[in-house]
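Student: Mind looking over this structure? Questions follow.
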Amino acid sequence: MAWASSFDAFFKNFKRESKIISEYDITLIMTYIEENKLQKAVSVIEKVLRDIESAPLHIAVTGETGAGKSTFINTLRGVGHEEKGAAPTGAIETTMKRTPYPHPKLPNVTIWDLPGIGTTNFTPQNYLTEMKFGEYDFFIIISATRFKENDAQLAKAIAQMGMNFYFVRTKIDSDLDNEQKFKPKSFNKEEVLKNIKDYCSNHLQESLDSEPPVFLVSNVDISKYDFPKLETKLLQDLPAHKRHVFSLSLQSLTEATINYKRDSLKQKVFLEAMKAGALATIPLGGMISDILENLDETFNLYRSYFGLDDASLENIAQDLNMSVDDFKVHLRFPHLFAEHNDESLEDKLFKYIKHISSVTGGPVAAVTYYRMAYYLQNLFLDTAANDAIALLNSKALFEKKVGPYISEPPEYWEA
């Protein structure tokens, strides 16, 4: 069937680190479609979607006191140091227990602050047992300034237990500032960064059989240095069904991160559309009530995922010393369906569906409707993602001095 080839072709557009469905499930769904076993194909798609939506993600962050653990955790969660629920920074570590910090927007994601092994009396193996190592998807070991032997021993113990760990060297900005201050004539930024990375790698290799990657991260601007590479590596190593929630949990600080989110959501929308298309004979009225109700919710979710929700826009406008209304003039999504009349998106869809139903009948109208809903969700998604990318260089965006965006209605509105 043509569906099978289109299904396979769609997912070939995405790299491994972006793909939210396993190759096994892709092959299984294609096989069922080719054999015209649509109900079985739908069952697999439904299971994939359930796994994607309900997948828990537990990230363990450990390191010695003063290494910048709390700053790293707060940044991962998109929480300011003074906001409610932030991991305390600048404090002396006194707890011997792990502390969970849930993601503020994604309850399935929890980042665990583990006490540095040097502050406990445990051996590396006992430390991991005490910290319930089997509950985490991966470990991030945070280190700053001088390399600690405890870091290497912990990395070795994690590797021996078959767990993934990632070594993150923080406070890179401080290192560069100090080097430039004391060696202004010979200062070479790239050379300093290479020396720091080599120093950490060499010490890790002394304890490990392999050469684990070292990621240099700024505590001031996390989008700099190796953080984008760390994101990519984590996405590559995670199981396919957990990549979706992890990509959505990341802040939209780089174009690569925004595109990971876009790719992940596009695949989810496609899977939902394939499922809907296979069940296109269900009563049309039920579809309208189910999906029309969700259109506004879907659009608002996309805004939230890309940092374009009302609260985020208020903060950005305040930072730029602008009113929110003046700020929104430069974005597309607030004006996506703006018209000269006040007809809502739902009203337009409902009118269109009534027309199609009267002309073609239920099943054909159902397929047409789902095709349109798929288009709309992708339109929402691309608009939000493109606005988020534009905001990465807000100065250039505002210098264009464009007027309000008024989107023309899609061609299929008019019968």
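Glycine is treated like the rest: Cβ placed from N, Cα and C.
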Student: Check the candidates THR89, THR298, THR360 against Swiss-Prot and report the one noted as (Microbial infection) Phosphothreonine.
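Tutor: My reading of Swiss-Prot gives THR89.
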Student: Quick check for the class: what is the C-alpha distance, in angstrom and rounded, between THR89 ((Microbial infection) Phosphothreonine) and ASN219 (GDP binding site)?
Tutor: 12
Student: So if I draw a 10 Å sphere around the Cβ of LYS69 (GDP binding site), how many other Cβ atoms end up inside it?
Tutor: 26
Student: Identify which of the binding-site residues SER70, ASN219 has its Cβ surrounded by the largest number of other Cβ atoms within 10 Å, counting every protein chain shown.
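Tutor: Selected residue: SER70.
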Student: Which ones in the same chain are close to GLY66 (GDP binding site), with CB under 8 Å and 6+ residues apart in sequence?
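Tutor: Once residues fewer than 6 apart are set aside, GLY66 (GDP binding site) is near ALA144.
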